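**Q** Starting off with a structure, shown below.
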Amino acid sequence: MVKQLRQSFKSGKTKSYQWRVSQLKGIAKMVEERESDIVQALYQDLSKPPLEAFVAEISMAKSSCREAIEGLQDWMKPEKAKTGISTYPSTAEIVSDPLGVVLVISTWNFPFSGNAVVLKPSEIAPATSSLLSKLVKDYLDDSAVKVVEGAIPETSALLDQQWDKILYTGSARVGRIVMAAAAKHLTPVVLELGGKCPAVVDSNVNLEVAVRRIIAGKWQCNNGQACIGVDYIITTKDFAPKLIEGLRKGIEEFFGKDPMESKDISRIVSPAQFKRLVGLLDEDNVSDKLVLGGRRDSTRLKIDPTIVLDPPQESQIMQEEIFGPLLPIVTVGNLKESFQVINSKPKPLAAYLFTEDEQLKQDFVENVPSGGMSINDTILHVTVHTMPFGGVGESGMGSYHGKFSFDAFSHKKSVLYRSFSGDASLRYPPYTPKKQMVMKGLMNGGLPGMLLALLGWSSHNSGTKS
């Protein structure tokens, strides 16, 4: 399969503007015409509410296609680059070359968010994986864009192949496996891994608005199963009771008095993930910190929106990415202490701050390293395609979205153009004293330095002859 794809790439057809636009239009048409099938598959895999599926999957995919179609011609144009006296006369440009045969290993929680030459959907979302395999054949060029379904053996077989780039979305543990496999072939990678994304909440906020946006970035977002979802909150000891009460009211407003019966919240994706989350909640010195929720139903793979107050920092719920409906709240004496809490952990994919304090905003941006940030909101920064989306440190490497996606899968090739005129003997042997003097003057001071050297003056000494 990889050999066939390389032949398609080497034929040159995938490099043309016309072919690229045709594939983008194919994706847009696929999402438009098969929207109901996509929504149904997402419901089968996650019990994902139709509106949430439309916002996070359908609308985002359409928007990405639309922007790429509008911008592609300009993105493909070579960028002019300045040249210096050492190459005079000359012109230069930076050409964006497609890398070649690319592997994208997508995750189960937003399975329609990526597509490339070879797409490996997650086996944990089987309905979506099966649908995607069928739709790609129907709407895209099957000789250059393929879907490979399967589990660990199929993924391992793909990773044994030589690719020109790999994009992986998922856990840091699997990210290390992907990166190790890529290293055997010196294949570059983009890793989007997640981490423990904090939300710092000041006491001066509009509580009603802040609570709504936190809920949107936690339980409304795949029921916490999202790499950029709020993983834990940091607030002051004095404000915590008010914030918890606000969250309780907000959860009831959004999901009713019994969230376990709500049709507007996703379920846990698999029994294995359910068991892991229950383990986090039932750990010693964590279960007794429960202040809201905590119910679970293993037959339906459902867990209540759950809040835990001040679990120990060494507990698993505070050490690993939660990726579910459990929300720890950590209290501090003052919000400046929150920086130390955040920076004691690996750099997150996203960090959030709710405050009216302009100095605190500035300090947060300057002192909290993360892949991206939203101030006074959650997750929406990833919808802005003029900004790159990606991690840093253990939350990932590389970035994409909009033109950044184009750049991520292109090699920036430097090209210098010269004519046969202006070929000075100065650069060639024999290196006479005069040539050395002129060359040093040229390298030290450009054209003025060369002229000074020819006149016998040093550009470093304006008052003394050399």
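Every residue, even glycine, has its Cβ placed from backbone N, Cα and C.
Below are the features I grabbed from TrEMBL:
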- 4-415: domain 'Aldehyde dehydrogenase' (DOMAIN)
- GLU192: active site (ACT_SITE)
- CYS227: active site (ACT_SITE)
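On this model, are these features tucked inside or out on the surface, and what's nearby?
**A** Other Cβ atoms within 10 Å of the Cβ of GLU192 (active site) number 25 in total over all chains.
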**Q** Round to the nearest Å and give the CA-to-CA distance linking GLU192 (active site) with CYS227 (active site).
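**A** Per the Cα atoms, GLU192 (active site) and CYS227 (active site) stand 8 Å apart.
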**Q** Within 10 Å of the Cβ of CYS227 (active site), how many other Cβ atoms can you find? Include all protein chains, please.
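**A** I count 29 other Cβ atoms within 10 Å of it.
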